[in-house]
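Sharing a structure with you now.
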Amino acid sequence: MADQKINILSIESSCDDTAAAVLCNGKILSNIVATQEVHQQYGGVVPELASRAHQQNIVPVIHQALAKANIDKKDLSAIAFTRGPGLMGSLLVGTSFAKSLAMGLNIPLIEVNHMQAHILAHFIEEEGFDKPEFPFLAMTISGGHTQIVKVTDYFKMEVIGETLDDAVGEAFDKSAKILGIAYPGGPLIDKYAREGDPKAFKFPKPKVDGLNFSFSGFKTAVLYFMQRETKKDPEFIEKNLKDICASIQYTIIGILMDKLKKAVKETGITQVAIGGGVSANSGIRQALRDAEGKWGWKCYIPKFEYTTDNAAMIGIAGYHKYLKQDFADFDITAQSRYKF
Ligand code: KG4
Ligand code: ZN
């Protein structure tokens, strides 16, 4: 297989981004994402609207990915797709499309777990980016998940900690909603936080055993704090927005880092990678860079385009399954809850 060109078309449709990518031997030739704006007015993803938008977007997105990669359909080696976890109506669009296309082209089909793909994004060939060595710890932080995973090989992963309720992205987005910031609020909290004082206000950190997380109490604490303060001064939020955002972000990053430190201590593994939408956050990125200097960790921080949902990460996971000839049957179905 050494001098063979392995061209993989990958499809991601688990939530509200319709994405397709083409990879040749693990290198990205194209990486296209159509983000659905329809959800903004509702302050969160509306599953039925997401599914309909995927149906509209999937053909043009795949056409674009193939055109940009300058690859003809007949030169594809396999089709990789996100099987789960995610919204069922959204997953069904990508799954059905991938199955039909692979069947039509008579090439193998490769199923990918979305959460594993967020981790394997670190294996995309990119100049200036080192790849982690096994074993390493991965913290996947997104709008739907918060996990600490021990990774001993490409597909040997063990979840050693996860959220018991809300995901960390929800803690950002729900706090933003309380502050009157538009959905998804995470990136805007990050933006305002850069100009605020992280120690201006103190929010409680949840007490959760082991390596697990809980964020539902945090959101309630933010809500009660704002209600109390705006009763005293109705303009409290406007006057203190940057400091509030900085304090919220500081607390959330503190919660994540406390658990990561614990995981490093318990496993003895000092290589740490992050992935998922919240890994775009400047606070967590800085905290990991600081950890390299302070504690001698080696940290892997993804390129921005591989933090939020994308198909390149599905493609790299698919490529490593292709190398193992690990193909899916055509009667495979999408799985909204898909553990690994
Ligand atoms: O991975 P992702 O695109 O989708 C899911 O699988 O959920 O993650 C989306 C989440 C949202 O909650 C969004 O607010 C958050 O990632 N996010 C951020 C930042 N950029 C995206 N949160 C904090 N700071 C950011 N810069
Ligand atoms: Zn994701």
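Positions of Cβ are set from backbone N, Cα and C atoms, glycine also.
Taken from TrEMBL, the feature Fe cation binding site applies to HIS114, HIS118, ASP309. Look at TrEMBL and you will find THR140, ILE141, SER142, GLY143, GLY144, ASP173, GLY186, ASP190, ASN281 tagged as substrate binding site. Here TrEMBL flags 27-315 as domain 'Gcp-like'.
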Nearest to GLY186 (substrate binding site) by Cα distance: which of the binding-site residues HIS114, HIS118, ASP309 is it?
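Going through HIS114, HIS118, ASP309 one by one, the closest to GLY186 (substrate binding site) is ASP309.
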Give me the sequence-ordered set of same-chain residues, not including HIS114, HIS118, ASP309, with a C-beta within 8 angstroms of the centroid of the Fe cation site's C-beta atoms.
GLU12, SER14, THR82, MET115, ALA117, SER142, GLY275, GLY276, ASN310, MET313, ILE314
Indicate the candidate from GLY144, GLY186 with the smallest number of other Cβ atoms within 10 Å of its Cβ, considering only these binding-site residues.
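Output over binding-site residues GLY144, GLY186: least Cβ neighbours within 10 Å is GLY144.
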Tell me the Cα distance separating HIS114 (Fe cation binding site) from GLY144 (substrate binding site), rounded to the nearest angstrom.
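HIS114 (Fe cation binding site) has its Cα 11 Å from the Cα of GLY144 (substrate binding site).
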Name the secondary structure element type, per DSSP in three states, that contains GLY186 (substrate binding site).
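In the DSSP reduction, GLY186 (substrate binding site) maps to helix.
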Looking only at THR140, ILE141, SER142, GLY143, GLY144, ASP173, GLY186, ASP190, ASN281, the residues listed as binding substrate, what is the longest Cα to Cα distance in Å?
18
Reduce the DSSP letter at SER142 (substrate binding site) to three states and note it down.
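DSSP assigns SER142 (substrate binding site) to coil.
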Using C-alpha atoms, which one of the binding-site residues THR140, SER142, ASN281 comes nearest to ASP309 (Fe cation binding site)?
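When the Cα distances are compared, SER142 comes out closest.
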Under 6 Å from ligand 2 by Cβ, which binding-site residues from THR140, SER142, GLY186, ASP309?
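List returned for ligand 2: SER142, ASP309.
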Give, as a single whole number between 0 and 100, the mean pLDDT over the domain 'Gcp-like' (27-315).
96
Take the Cβ of ASP309 (Fe cation binding site) and count every other Cβ within 10 Å, whichever protein chain it belongs to.
27
Which of HIS114, HIS118 has the fewest nearby Cβ atoms, counting only those within 10 Å, among these binding-site residues?
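Minimum Cβ neighbour count within 10 Å, taken over the binding-site residues HIS114, HIS118, occurs at HIS114.
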Filter the binding-site residues HIS114, HIS118, THR140 down to those with CB closer than 6 A to an atom of ligand 1; keep them in sequence order.
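Checked binding-site residues vs ligand 1; nothing flagged, none.
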